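Quick look at what Swiss-Prot annotates:
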{"type": "COILED", "residues": "47-320", "note": "coiled coil"}
{"type": "MOD_RES", "residues": "Ala2", "note": "N-acetylalanine"}
{"type": "MOD_RES", "residues": "Thr342", "note": "phosphothreonine"}
{"type": "REGION", "residues": "1-37", "note": "region 'Disordered'"}
{"type": "REGION", "residues": "99-228", "note": "region '5 X 29 AA tandem repeats'"}
{"type": "REGION", "residues": "335-362", "note": "region 'Disordered'"}
{"type": "REGION", "residues": "394-469", "note": "region 'Disordered'"}
{"type": "REPEAT", "residues": "99-127", "note": "repeat '1'"}
{"type": "REPEAT", "residues": "157-185", "note": "repeat '3'"}
{"type": "REPEAT", "residues": "186-199", "note": "repeat '4'"}
{"type": "REPEAT", "residues": "200-228", "note": "repeat '5'"}
Amino acid sequence: MADSASESDTDAAGGGPAAMQSSCSATSGGSGGGGGGKSGGIVISPFRLEELTNRLASLQQENKVLKIELETYKLKCKALQEENRDLRKASVTIQARAEQEEEFISNTLFKKIQALQKEKETLAVNYEKEEEFLTNELSRKLMQLQHEKAELEQHLEQEQEFQVNKLMKKIKKLENDTISKQLTLEQLRREKIDLENTLEQEQEALVNRLWKRMDKLEAEKRILQEKLDQPVSAPPSPRDISMEIDSPENMMRHIRFLKNEVERLKKQLRAAQLQHSEKMAQYLEEERHMREENLRLQRKLQREMERREALCRQLSESESSLEMDDERYFNEMSAQGLRPRTVSSPIPYTPSPSSSRPISPGLSYASHTVGFTPPTSLTRAGMSYYNSPGLHVQHMGASHGITRPSPRRSSSPDKFKRPTPPPSPNTQSPVQPPPPPPPPPMQPAVPSAAPTQPAPTQPQHPVHPSSQP
């Protein structure tokens, strides 16, 4: 834009003298022409001459303005060139500074990378050492856990076997209880069906009675009409009434009679409905009582079962404690039962150290009870059943004459009672159905009295037969 302005200024400046020369030539030509006009006949008017002078003045003014603009544009161009030079210098300095900063940053990062590599190598070495240590430690713990797992699995199998046997007994008992409850439920259903049939029969009998009364009333009405000498075309009935009556009085009398009859029948119907509603309410009340009784008996049965389970649990705990006491007593007897054998000779017997004769029967227990230990706390419930001291006593034989109380005592029948079957809920019905079959016999496990731990009986001391002299 500045270049085009400068070109226009130069053109205008270059064209200024030419225009002036052309104008001068024109004026001279005009003057000459004036002289020649006089000679040649060409005349320039003064109006045209004034117009040309005005145009020349305007062109000169425009030329001055364009020259001023050219000067301003030249100044602007110089300022822009200086500014461009300054910007180039600033860019060179900024680039040099950026290169210095980049080199400094690269050096610092290289140092940090070297430090991190060294730290990484040290960490790798430490990690390998720690990993090796942890691997050895974990392998040792794994072997220990495997041994413990094998032992626990063995104990668990024994406990599971004991629990399975116990649960099988409980399942059999529950199956027997379920069968008895199903039989009771079937009996209640049959009783309900019988009650419904009885109710239907009573309703049918009531309807038949009402129909008989209606027939009887129709017959009485027919007799009364015959007595009054009224023409009876057909026996009037509530279902078939003849509306053809001779006089209005007979009609009114007949209407009053029918109204009275309807009122009486309505009263009978209301009484029958009231009686029926009372019976239904009574039956519903009986059914509600039976349901409540059934629910109460079920809750009582549940409480008895829970109580029986609790007592069985306490009994098993007491049996385990008795077994431990018996084992402890047996160990003490076997360890402290060294006394001389009683002989029949009056001469006192002095055993020699080289004699291989056993001193007393208690001494022979040592070979059997060396490896005997009371059960641990982990398998106290299950192992005591299998490692009971009764097994050692049976192994010793009956020649020693030791009598020990059995750890699993059979309860006497006077301490336990069999649960009686629930009474029939249909106690208010007139017809008593046959009682439900008793539940299958169960093992007595629930004492009737409060759960009391039976006192352990003291085992009898071994009796050694002594011959009289």
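Glycine residues also receive a Cβ, built from the backbone N, Cα and C atoms like all the rest.
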Overall pLDDT for the repeat '3' (157-185), taken as the rounded mean: 89
Composition by DSSP (helix, strand, coil) of residues within the repeat '5' (200-228): 28 helix, 0 strand, 1 coil
DSSP-derived helix, strand and coil totals, residue by residue, for the repeat '3' (157-185): 29 helix, 0 strand, 0 coil
DSSP-assigned states of the repeat '1' (99-127) in counts, ordered helix, strand, coil: 29 helix, 0 strand, 0 coil
